[in-house]
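Structure first, then comments.
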Amino acid sequence: MSQPPPPPPPLPPPPPPPEAPQTPSSLASAAASGGLLKRRDRRILSGSCPDPKCQARLFFPASGSVSIECTECGQRHEQQQLLGVEEVTDPDVVLHNLLRNALLGVTGAPKKNTELVKVMGLSNYHCKLLSPILARYGMDKQTGRAKLLRDMNQGELFDCALLGDRAFLIEPEHVNTVGYGKDRSGSLLYLHDTLEDIKRANKSQECLIPVHVDGDGHCLVHAVSRALVGRELFWHALRENLKQHFQQHLARYQALFHDFIDAAEWEDIINECDPLFVPPEGVPLGLRNIHIFGLANVLHRPIILLDSLSGMRSSGDYSATFLPGLIPAEKCTGKDGHLNKPICIAWSSSGRNHYIPLVGIKGAALPKLPMNLLPKAWGVPQDLIKKYIKLEEDGGCVIGGDRSLQDKYLLRLVAAMEEVFMDKHGIHPSLVADVHQYFYRRTGVIGVQPEEVTAAAKKAVMDNRLHKCLLCGALSELHVPPEWLAPGGKLYNLAKSTHGQLRTDKNYSFPLNNLVCSYDSVKDVLVPDYGMSNLTACNWCHGTSVRKVRGDGSIVYLDGDRTNSRSTGGKCGCGFKHFWDGKEYDNLPEAFPITLEWGGRVVRETVYWFQYESDSSLNSNVYDVAMKLVTKHFPGEFGSEILVQKVVHTILHQTAKKNPDDYTPVNIDGAHAQRVGDVQGQESESQLPTKIILTGQKTKTLHKEELNMSKTERTIQQNITEQASVMQKRKTEKLKQEQKGQPRTVSPSTIRDGPSSAPATPTKAPYSPTTSKEKKIRITTNDGRQSMVTLKSSTTFFELQESIAREFNIPPYLQCIRYGFPPKELMPPQAGMEKEPVPLQHGDRITIEILKSKAEGGQSAAAHSAHTVKQEDIAVTGKLSSKELQEQAEKEMYSLCLLATLMGEDVWSYAKGLPHMFQQGGVFYSIMKKTMGMADGKHCTFPHLPGKTFVYNASEDRLELCVDAAGHFPIGPDVEDLVKEAVSQVRAEATTRSRESSPSHGLLKLGSGGVVKKKSEQLHNVTAFQGKGHSLGTASGNPHLDPRARETSVVRKHNTGTDFSNSSTKTEPSVFTASSSNSELIRIAPGVVTMRDGRQLDPDLVEAQRKKLQEMVSSIQASMDRHLRDQSTEQSPSDLPQRKTEVVSSSAKSGSLQTGLPESFPLTGGTENLNTETTDGCVADALGAAFATRSKAQRGNSVEELEEMDSQDAEMTNTTEPMDHS
């Protein structure tokens, strides 16, 4: 019977219920504000999971949902409940955590279902696995170890009557935890009226709530177990107790219910109690009222079953009070002598096929059930209610009680049972739960018995097929379908086609499947060798830090891997220990080479040295290390003690440090892998909240407790951390010399065997304590310089400007200071507030934009700094593989595009406001560097910024916007205005210059930039070139070109994204054989060429133009000797370019210059800007010198090439572009 909807007002939705008003001062409450403010609030907040066993770091938008789901334990918490909520101001954290994990939809560990949500480290499925053991085992109070109950003289089976006075009270912070707190199956709606009546009887306080239990056919015993201890730990014992109880008291039950239950039914009733009972087909699975009555007698306490108000008023047995009528009342009391208080369960829907428990809330008043909701007794006389339930004066009763099982005891009990589970099954229950989560639930397989999952998990571990990701913690299985390995299968056929006849003495490797197989000739199948096979990537997050798992759930670590053990004294700053050679260390070792020479034999070995361990016994002992090395390579050698002493001396020399903070650990890939659930150390959390010390792409120091990153990002973090320490050491000349690799001298005072007590450097331990009087700020200029500045808490705006001026030699009036995310300008204080401190926090980053009127001294310093940073950047990024750099660039571009979309802007409009993206370390800078390399004047375009061409400026070490008609412009928010102003000015100049230089304004012009063509009709149909903008031919700056180079062929390759020019060292570049009909190349933009038919030109018109060009060239060749002789007397050398310009302009009307030439000519210059400084003024000299060296035969077959010159066509619409130069 369906329940009609409740009358208005409408009930609050289950997730989440209305809570107390939030305080405006809280960051979390600010995040929950709605309306226009909510839409404009683009802040990103972070906080820690409040579960003490989890404490994962969570990131969420301020304008997002008011409840946050933990990515580690799966619980959902209100924002007010998160610990250490603070604003994240760094864009890198936002991109790599919010966008990558939430908006990008990157595959990660699957969302945890209700069975696997962990509270205090325990999930429902974990408890279900341990429940059968708890039915037979107890815990020895003295040893804390599990012991058989019969060995403790407590019988074979756990007596559930011992829980008769226990009651679970849920913690307020867990009320809304999915899978543990409030039930989400619809019971809140179905039981609304009933719960409202209970609420009114308890002074309008919500003190009795329905909580979740899994619907797996054991919901009644799950509900009772949760009502008793809060966990589903005792469902198995309750079923066995119930079955035993019915068997022992069957005669009394048959006599009591002979009018209602036939004698033949009792066998089925008892069988249904069995934990492994499987109902016949067509019979509904579940326990009935008679079983609830039996459980009340087992527990020696009443059980009250509630329903909706309409159900309770109906004539059906939908609600009842089940009394322990077969048990004497004096045995239904607790240790205090009072009657055991009833527990309460209810139906969750009108289908009445699922039980849920109703429990009280810890810290609130015990819930009271009013008299009008107390159902009638079931199966026994009504007057027994007063005998078994203590009624209040108003006729109601208290539910549950306050004798709860302590969490500490419960966890000890679980730990003891886990040991038994390991002994019985050879696998840890948490690993079985993970197998169920990742291999069954994710594929939609439900209803699989825990025994089957346990067996499957155990076999996977024994076969070495289980792997765990160190990043997201997900399990992955190396599994290959058996049919692939049999004849006709994918791998079988591949092996046979590659190797021919398969042999039993060979192994066959399949790298794409991460599999190594042997051949079984008897069965004619391939047999996987999982011991030699290794999974290379996580199936969920695709991270490469994947390790095999043992049966006890431990991970088979490799040297350098970060473990789950906390570290309090590590210099690396990650807060966790590292695995090395079977032990866990606070730090990674330092590595240095050593050479052993003995008996004419030379051996080179690497020594791994531990020196800063909090446990001094783990520090390396120089004599032990030396002895092991000598014994390893020269075992049993007589007199090797001398070699040992030599090795000791060498090691002491290598490990002696002048600076105690010199710590350069070995670089291990994945050693500082970012993981979900990492948190800051307790020392850091005990301080006042500080910003996360994560600065920009070039200088960021990633906090490992707060990020979930890919392999590329982790590697960059490690390398940039090293770079930051190097840059700090540049401040003194002495440390500069050490950085360049000068040999360190041994100082006896610095030789030590024990751990160092010196504190870690700030960059190595970004979370190290800083005094409240100082704050360190990372400053980056738009020309690539950077520095860490220490400010006092009282530093004002003008004092900050002075600090910047001292550090970077930038006058205050040229400083534009930006901070925050998105970057906003830090304005000078208003009148009367000059003494106010600047609103910067410890760890913030600010960017200095240097205004245009920058002094020469500042430019010189910038160039020097840019050069220095560039060299260090090469040293850092040189360690990364090209694949990793490509992956990093793709991820950052993807994040940038999504963030721009969220901001409501296109990518260019958003990116031009972030100039650092076009500077060293920025994403566009990195893409160009990775794709084509960096060379001064080299042009490129990006697919994400259509219609924009960029050029590399080596002096400033940045990319600039290239506008053919106007020049190069530094990227900034106002770059579009600068371009418009420059284009307008150039157009005006171009109009005048164009009309003066040629009386004919045809389709082709020859100016100082070469031949240009009007493209007003076709230009909008041309796709911009997206490859490299290399220089064409010889880009020599000398106007007197090599005569031999002029005889080489034209460099012509149709460019599809690769270099279409040869290097200047090649003397015979490849020739492009042009076809007059369809293979003509026309240059339409810097680095852009296209076919003639693509431009839709008339072939006849082009042929006519080609002939005119041939006539022009022939005329020039015939008159060249006379022209050179008369040059000095008839005209000045500077008149020659103008005269040739007029000739070409009046003769050549359209078409491509190179197809009209009888010979091939080398090309000079490259995709340079139209207003770049070329050798225009020396054209005459170049022509004179060049033609003077030619022989008469050469004059008949070739023409002098012209240098690149500027050209503007006043009649072109909006733009002009240079053609290839001849």
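Here the Cβ of each residue, glycine as well, is placed from N, Cα and C on the backbone.
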Among Ser26, Ser185, Ser1077, Ser1119, can you tell me which residue Swiss-Prot lists with the annotation phosphoserine? Ser1077
Taking 1-36, 685-720 as the choices, which stretch does Swiss-Prot tie to region 'Disordered'? 1-36
Candidate annotated in Swiss-Prot as phosphoserine, out of Ser994, Ser1063, Ser1128: Ser994
Phosphothreonine, as annotated by Swiss-Prot among Thr71, Thr650, Thr763, Thr1175, is found at Thr763
By the record in Swiss-Prot, which of Ser747, Ser1132 is the one labelled phosphoserine? Ser747
In Swiss-Prot, the entry for N6-acetyllysine among Lys128, Lys408, Lys577 points to Lys408
Quick one: pull the CA-CA distance for Cys219 (active site, nucleophile) versus His354 (active site), whole Å only. 6
By a simple count, how many Cβ atoms lie within 10 Å of the Cβ of His354 (active site), its own Cβ left out? 20
Between the C-alpha atoms of His354 (active site) and Asp216 (active site), the distance in angstrom, to the nearest integer, is 10
Rounded to a whole angstrom, what is the C-alpha distance between Lys408 (N6-acetyllysine) and Asp216 (active site)? 28
Near Asp216 (active site), how many other Cβ atoms are within 10 Å of its Cβ? 18
Reduce the DSSP letter at His354 (active site) to three states and note it down. coil
In the three-state scheme derived from DSSP, which category covers Asp216 (active site)? coil
Translate the DSSP assignment of Lys408 (N6-acetyllysine) into the three-state scheme. helix
